[in-house]
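Undergrad: Would you mind keeping the following structure in view while I ask a few things?
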Amino acid sequence: MGVPALFRWLSRKYPKIISPVVEDDVTQEIGAAQFSDPNPNGELDNLYLDMNGIVHPCSHPEHKLPPETEDEMFLDVFKYTDRVLLMARPRKVLMIAVDGVAPRAKMNQQRSRRFRSAQDAKIAHEEKERQIRERESRGESIDDAIKGKKSWDSNAITPGTPFMDSLAQALRYWVAYKLATDPGWANLQVIISDATVPGEGEHKLMSFIRSQRSDPEYDPNTKHCIYGLDADLIFLGLATHEPHFRVLREDVFANQSRQMRISDQLSMTQDQKDSIAEQDAKKPFLWLHVNVLREYLEIELYNPHLSFPFDLERAIDDWVFMCFFVGNDFLPHLPSLDVRDNGIDILVNCWKRMLPKLRDYITCDGNLNLESVEKLLSSLSYKEDEIFRKRHEGEKRREENDKRRKLAQEEEKALKNQYIPQVSKGSDKAPLTADINMPLLSTSGDAVEGYAQLSNKDIVENRDVITKANMSNADAAAALKKLLDSKNNKESDKNVSASAAIQEQQNKSDINTTENSKKRPIDQVEAELPKPDENGDSVRMWEPGYRQRYYQSKFGVVSEEEINKIRRDMVRCYLEGISWVLLYYYQGCPSWQWYYPYHYAPFAADFVNINDIIGEQGIKFTLGEPFKPYEQLMSVLPAASGHNLPEVLRILMSDPSSEILDFYPEEFQIDMNGKKMSWQGIALLPFIDENRLLEALEKRYHLLTDDERERNTLKNEVLFISNQNKNYKRFYNELYDNNVKELKFRFSRSSLAGTVIKNEYFVPDGITKFPLSEGDMPDLNNIEFFQSSYKMPTKKMGKSMLINGYISHTRTLTQEDRDSILHGNQRNGGYNRFRTPNDNSGYVNKGPSGKEDYLIYSMRRGGYRAFMHNLKNQNQQHQQPVPMNAMANNSYDNQYNSYSNNNNYNNNYNGGYPNQSNNNYSNQNSYNNYSNQNSYNNYNNQNSYNNYNNRNNHGNYNNYNRYNNQGSNYDRQGQGNASSNRSGYIPAPNRTGNFRNRNGYNR
């Protein structure tokens, strides 16, 4: 998710979440690294690669020359991936995910990026041609290979293109090569989800994690790591509720190299190329520790004034949800919120003030309470006017300081040009020559006519220079040094902050540290320097009436009736959008077809009377089906990138008779929307009409070749294991000897669960050839590894909770860190006033994570452990103790529930989780072990708070949290929520299993 500046903001606000990656040797060749050595960064179980974060920098790097051919790109991908694996060294699972067909909600952003990329490539090509002509006119010789070479089209990194098909083949070969040749990979299970598998790469990875969590044998202490450059990986890591989670990424701010210019490419020597390659190989990487971020959020989000128990998992979900308003890939951010202006902190403060009044959290398991959303945004709306004014004042201050800084640099440069040429060896007696811009003065001090004259202010500021015209060179040099030192001091004191007090203090410092000078009034500065280009901002958010001007300017409407109509529709669509995004993060894609149909977002003040806007029908999504690869290509690519499409489809982009020609404008408007940088502008492209597009493509599908049809087909993930893996013999025998169509396997055996299916492209006794024409890598004997199609376990409702058996990390933050977060290092006699409920008293000397192990987080209301805990306590109060032999298999206080047991749901009895049992956490008589049948009924009749009716293995509970929502029901084509509700909220019947009640919560 593109949230510019988010990573930098997080790392500055929460500094301990970042640590450098320790590398043994980053210059080794492929295959030479000792993958099996202990990891100096700490051991990891599973590594997830968002491959688009590797493919993009390898195929079109910004700081060095791009590879000459696609084969070179793939070899660079191998080398880069091998380096990442050496850092992480996963021991159990490696999943490689490439972006597949995206949901329609993401295609709008992809379309904007690719159209602008094609436009930038065109401008760069024209500039290159101009510079070549200019150099040749000066007599320089330009290599014909450089002149005739076109830049590679990065839009080829889109599902359905020949490049992505070749990338998938290359990755499959490389994984097989590593399994066959690297002993450290012997027990590693590798899943490749290439571009033929629908879904964004990072969300396919999250779906995999959720699917593994749903297995009853899943180890809650699995250590996860995800690699990628997108900021939303941080949110996704939090959304898994897996505290043993890290994010690995390049340190993009270390040794920042400027983007390579065209002139550099035309004149770069081989030594320069080698130097850049050496620097690139040493680029540092960073860990982002999600467990430490959870510690920070636990302190910051804790509110001592709640009328209900503080639940960290639910609070984190609310925090992730609030970050969506600041920026995401599916919706424009609210105008009043920006990461650079601390928009997240502003919204969190509103949330903390409102939460005691809300009486519950805003989100639950990916579902929204829309009434609470309205109250949150209403609290923000009171600040909008002030936010816009302060933002404008800050921008003006920055502009003024930039102007002063630029003018000071120009003055300093002019003074250097005046003094330095006159200071030469052996000419001590030579007088200084007056600058041509200096006024010629008569003996009376009047300026002589016919000479350039400076303003009175310039004369005053330069009077020392004028009066020292006859000084010796030595004196002039000393004067110059003193003046330059003064200028440097002046410049260092001009880092103006947003605080008026600091500004005033710095102004005083300027007066004290400069000789015979003072800060120039800004009106004079503006009069002397060219004015900056106007951004065409007609809204002027900092002035009254901006909301009216916003809708009039952006939508071309005038009447109040039209404005209100657009405003209401935007609010409804935006509410659908935030509901869609939250479900997408926590449960998977709720609808492949939904998208936000506007380029702009409403104001926080517009979110009023939400129930009237939404209506009784609420917010519902229909799952639908993803686009095919060619349908996405036709939706997001400009005509200039049509070469990535089959010829029979490409013609629709440029043929004047094409019925969808209007989808591909060559010129389009960019609305700067009050921003300064071109990349921050909004590309006003027409939205794709899905029906028109599909009808046009359907007429031409029959003209495709067999290879082209193959690229347009959606497929499954592929699983690779070595012949040393413990599942190798079983998979081989069942699929090839016994001809079983598909084979399910559980988590306990190899720390991976799912279903394997025979892969038609894999021949067990065949040969896998090296697919590239460049490079020297061998063909592989298929007997060295095993390849099959792979399906994840059946999807179940994800729960925002820690899984029982989780062993926490040793706490990282100190009391000083807590005070810094709570009080900003300003204790003011209130040392540690608001202690969080989990302080040092919660440590026990127990557990494998260190000398001290933090106690497991308190059980969530509605959680399975809470259910068993309450069941046991009430039986102890009202029933006679049962014999010990009746309690044996269900005692949750004995050694089988210790922290050292990762799977403590009776997994030592009856072979773990018997398939025939409806309740996998105990046997069928577990309730009778606690009480008789009558007391079991009492839990349904007397205690509605703990009325669960748990009908599946993983806790789709019926609880008292009021979250069988009406707002975000989505049609799963029969895969509905399995929970039932007896707490007073009557669900509406729905054949797909969607339930809703009257209180505004969707499920």
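Glycine too: its Cβ is placed from the backbone N, Cα and C atoms.
In case it helps, Swiss-Prot gives these features for our protein:
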- 107-145: region 'Disordered' (REGION)
- 117-145: compositional bias 'Basic and acidic residues' (COMPBIAS)
- 389-419: coiled coil (COILED)
- 488-538: region 'Disordered' (REGION)
- 495-515: compositional bias 'Polar residues' (COMPBIAS)
- 516-534: compositional bias 'Basic and acidic residues' (COMPBIAS)
- 690-730: coiled coil (COILED)
- 821-847: region 'Disordered' (REGION)
- 823-843: compositional bias 'Polar residues' (COMPBIAS)
- 874-1003: region 'Disordered' (REGION)
- 889-970: compositional bias 'Low complexity' (COMPBIAS)
- 971-983: compositional bias 'Polar residues' (COMPBIAS)
- 991-1003: compositional bias 'Polar residues' (COMPBIAS)
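How about a rundown of where these features are and what they're close to?
TA: Taking Cβ pairs closer than 8 Å, the region 'Disordered' (107-145) reaches residues 2, 151, 153-155, 158, 262-263, 265-266, 329-330, 595-596, 627, 632, 635-638, 640-641, 668, 679, 682-683, 685, 687-688 in its own chain, all 6 or more past its ends.
Break the compositional bias 'Basic and acidic residues' (117-145) down by DSSP state and the numbers are 23 helix, 0 strand, 6 coil.
Across the coiled coil (389-419), mean pLDDT in this model comes to 87.
Among residues of the same chain six or more beyond the coiled coil (690-730), those with a C-beta under 8 A of the stretch's C-beta atoms are 100-101, 104, 160-162, 165, 172, 175-176, 179-180, 185-194, 196-198, 593, 626, 628-631, 634-635, 646, 648-649, 652, 658-660, 663, 743, 745, 749-750, 754, 756-757, 759, 783-792.
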